[in-house]
Amino acid sequence: MDPKELFSTNLIDGKIVASHIERQCSPLPSVIVIGAGISGLAAARSLYDASFEVTILESRDRLGGRINTDYSFGCPVDMGASWLHGVCNENPLAPLIRGLGLTLYRTSGDDSILYDHDLESCMLFNTDGHQVPQQIVMDVGETFKRILEETGKVRDEDPDDMSVQQAISVVLNSHPELKQQGLSHEVLQWYICRMEAWFAADADMISLKTWDQEHVLSGGHGLMVEGYDPVIKALAKNLDIRLNHRVTKISNGFNKIMVTLENGTNFVADAVIVTVPVGILKANLIEFIPKLPDWKVAAIADLGVGNENKIALRFDKVFWPNVELLGIVAPTSYSCGYFLNLHKATGHPILVYMAAGRFAYDLEKLSNESAANFVMQQLKKMFPDASDPVQYLVSRWGTDPNSLGCYTYDLVGKPEDVYDRLRMPVGNLFFGGEAVCMDDHQGSVHGAYSAGMMAAENCQRYLLEKLGHVQNNLPLVSVVRHEMLETTNIPLQISRM
Ligand SMILES: Cc1cc2nc3c(=O)[nH]c(=O)nc-3n(C[C@H](O)[C@H](O)[C@H](O)COP(=O)(O)OP(=O)(O)OC[C@H]3O[C@@H](n4cnc5c(N)ncnc54)[C@H](O)[C@@H]3O)c2cc1C
């Protein structure tokens, strides 16, 4: 029997008492990490490398969480994260990616109006199947930039936060010359659709105060050509990971923490690092005993969780033009859409349709077949002779009980300290995960990775002080991380500059 599993434990007067099976007394501090996404794996990896006793409890039957590289097409297709945002050596993931020799396909440089795409490799169509002249796309792009600049003035004049959509309306009312008509209006809606995809939320939900305040790393945005999976596998190597272990309760005793699974099995450790998505915490799928303090509960409530879904289609041959992005313009951002052409980056005949915000939730109401049919209707508007896909994949991040959304975003009126409160530990309970990262990298893989490392560092410091291991020769997490960085001087492999 696993010494860490306690089948008969009770929480009495705030102390965890093992009545039948005693936990083996380990000289090393023990930590349970909840969630085997990149954040949990990063936390566990660094604690393991620093000689802590670490166990990861993961509810799914797979690793990676919101990184999900699917191989059923015979090649890697990322149904969750697929870009490295910030193709530069400062990216905390750069040493790992370099070390693994993974290739990045850069889809945009810095400061593109389309975030992770460049306008040059993008082709737009209207719903009648006519291509939008590139000059109109460029001109409306310039207008969109002007509108966004003007929203900055609205922000400066109004102390109260409002949504980006509301601010755009204010700007268009005071600058009628920026209003677009007909096809140009539809192209403007498409730009808004792209913005909504970046935040995974509709424009009427995005905070005007903070939408442009995030610190995006330099170097543009690179698709992981081999998928993100090799990164996950490398981090997970040799770790004690228990799949299909859904945590439902965390009982914080005086010195120990007990973690209870849905089947009643208990695990006990000196500390716990929670890396489950904020959507899971919002839905109270894990009970905390004692209850989390009010400031923490409020922080969880004050954050938005967006949704984005992908529908990947594999064809027997390529019938579309050799551009990275194929977009459909329409009268509202909700009805606009776009396909990522994976063929350009990977050589495989695959298109990935992406939907964000309310539209992403609406797509989840359809069966996989209906969702694929809907997407094919969109594609046939652009290419009436499009052949049917040989295979398709549909993600459901919004209703998946292991994610309940895709990543966090700032709600209108978000309190300034919300992320500080979210990452703040509660005794020996630490918090990692995409939402708690420092430097405004929420919603990203590298942000989640850093958040895991930081949670591990804080956890380690706390335990060594508390358990009197300060004299112990355990290497500090930060030292281990530094050594990892030093070992890889290979440049990032970029297939498109
Ligand atoms: C569609 C989509 C596209 C994205 N695109 C990009 C991109 O291109 N680039 C980028 O940088 N980022 C992207 N992201 C965001 C990125 O994927 C996340 O920020 C990051 O992967 C989050 O990692 P994490 O470890 O914090 O959380 P997760 O990966 O969600 O890990 C948390 C883990 O906890 C597990 N869990 C949940 N509940 C329980 C429970 N009760 N008990 C035990 N385990 C539990 C989950 O199964 C999961 O494995 C995208 C996300 C999505 C969904």
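Cβ coordinates come from backbone N, Cα and C, glycine included.
Just so you know, TrEMBL annotations are computer predictions that nobody has curated.
These features come from TrEMBL:
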- 38-458: domain 'Amine oxidase' (DOMAIN)
- SER39, VAL247: FAD binding site (BINDING)
- TYR353: substrate binding site (BINDING)
Neighbour tally for TYR353 (substrate binding site), based on other Cβ positions within 10 Å of its Cβ: 25
Close in space, distant in sequence - VAL247 (FAD binding site), Cβ under 8 Å, 6 or more apart: ILE34, LEU57, SER59, VAL259, THR260, LEU261, GLU262, VAL276, ILE286
Whole-number mean of pLDDT values that fall within the domain 'Amine oxidase' (38-458): 96
Nearest-integer angstrom distance between the alpha carbons (Cα) of SER39 (FAD binding site) and the residue listed as 'substrate binding site': 27
SER39 (FAD binding site): tally of other CB atoms within 10 A of its CB: 35
Mapped DSSP class for SER39 (FAD binding site), helix or strand or coil: helix
The residue listed as 'substrate binding site' in three-state DSSP notation: strand
